[in-house]
Amino acid sequence: MELIEKHASFGGWQNVYRHYSQSLKCEMNVGVYLPPKAENEKLPVLYWLSGLTCNEQNFITKSGMQRYAAEHNIIVVAPDTSPRGSHVADADRYDLGQGAGFYLNATQAPWNEHYKMYDYIRNELPNLVMHHFPATARKSISGHSMGGLGALVLALRNPDEYVSVSAFSPIVSPSQVPWGQQAFAAYLGENKDAWLDYDPVSLISQGQRVAEIMVDQGLSDDFYAEQLRTPNLEKICQEMNIKTLIRYHEGYDHSYYFVSSFIGEHIAYHANKLNMR
């Protein structure tokens, strides 16, 4: 992994690395925050998945998470949201193609050559992190919007691999809303059964479980009713007896003003779980 940015932050280092991804067949950037204690001991890892139009920079520059990661001794890994490059398929829209990988494994041309974000996040990236950084095997996952969707899907499908999961403003029923329907049709084809593998509400209804789910949702979010539908997640978790900490916040929108307001509580939540033995 090639170090391309290095910034001192709260006694640790906010770095950005570049590497070639075997899963995605392209060069990828990834942000890694190493708290002060990482110089002397191995620490657990929180993976953060960003939303539509984002890259590895949004979370590391806008959330203020470094203060809390340093306090709680957690390495934070923030990858890009899709494969990148002139040779990678793209679309002339913000919600498909580069910047909109949806954390799935595409099966349809032309997307299936590079768009294997599920494999990248689940397998390739953690292996790289374990090899290159002072990381323990204990990891949690979180994300925002499309990334909240990705975090929920990865945790629900691999409950033994992630200690805890949380999300900000996640797309909880992608097979039922325009963002998900358009992306899934392109990436996965018209067989809607394939879509359900990447739909948190559907996965829970099929019996997939995690110990607990934490979600924060702003009530002044322009996408709340049409695209996100947090109450669908709350309802299915109640029906399936999955413990939740779902909080609705008056006045907060879909932006990083919202994420930065509550990211400290999310990191504390994950730290509590990660440090339990």
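Cβ atoms are placed via backbone N, Cα and C, with glycine included.
Feature list (source: Swiss-Prot):
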type     : residues : note
ACT_SITE : SER145   : active site, charge relay system
ACT_SITE : ASP221   : active site, charge relay system
ACT_SITE : HIS254   : active site, charge relay system
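Where Swiss-Prot records a feature, it is marked here on the structure.
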{"residue": "SER145", "record": "active site, charge relay system", "DSSP (3 states)": "coil"}
{"residue": "ASP221", "record": "active site, charge relay system", "DSSP (3 states)": "coil"}
{"residue": "HIS254", "record": "active site, charge relay system", "DSSP (3 states)": "coil"}
Pairwise Cα distance for SER145 (active site, charge relay system)/HIS254 (active site, charge relay system) [Å, integer]:
8
Quick check for the class: what is the C-alpha distance, in angstrom and rounded, between HIS254 (active site, charge relay system) and ASP221 (active site, charge relay system)?
5
With every protein chain in view, how many other Cβ atoms are within 10 Å of the Cβ of SER145 (active site, charge relay system)?
25
Please list, in sequence order, the residues in the chain of ASP221 (active site, charge relay system) that are at least six apart in sequence and whose C-beta is under 8 Å away from its C-beta.
SER169, LEU228, TYR252, ASP253, HIS254, PHE258
Have a look around HIS254 (active site, charge relay system) and count the other CB atoms within 10 A of its CB, chains all included.
21
